Amino acid sequence: MAKKSMIVKANRAPKFSTQGYNRCKRCGRPRAYMRKFGICRICFRELASQGLIPGVTKSSW
């Protein structure tokens, strides 16, 4: 889980537009962010395995 201070800092408008970055809406993780879902890969995997993300299924071949 990300520090609350870092989550608050990320919500503020950056001084320059290129300094902005995405964070996971669920845990606040800044890395491995999946733009389509708005969450990080770890949260995505947890929610997908529980079946909470519509249209996402575990692949098997």
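A Cβ is built for glycine as well, from the same backbone N, Cα and C atoms used for every other residue.
Taken from Swiss-Prot, the feature Zn(2+) binding site covers Cys24, Cys27, Cys40, Cys43.
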Extra residues within 8 Å (Cβ to Cβ centroid of Cys24, Cys27, Cys40, Cys43), Zn(2+): Arg23, Lys25, Arg26, Gly28, Arg29, Tyr33, Ile39, Arg41, Ile42, Phe44
Where Cys43 (Zn(2+) binding site) falls in three-state DSSP terms: helix
Tertiary neighbours of Cys43 (Zn(2+) binding site) (same chain, Cβ under 8 Å, six or more apart): Cys24, Arg26, Cys27, Arg29
Fewest other Cβ within 10 angstroms of its own Cβ, chosen from the binding-site residues Cys24, Cys27, Cys40: Cys27
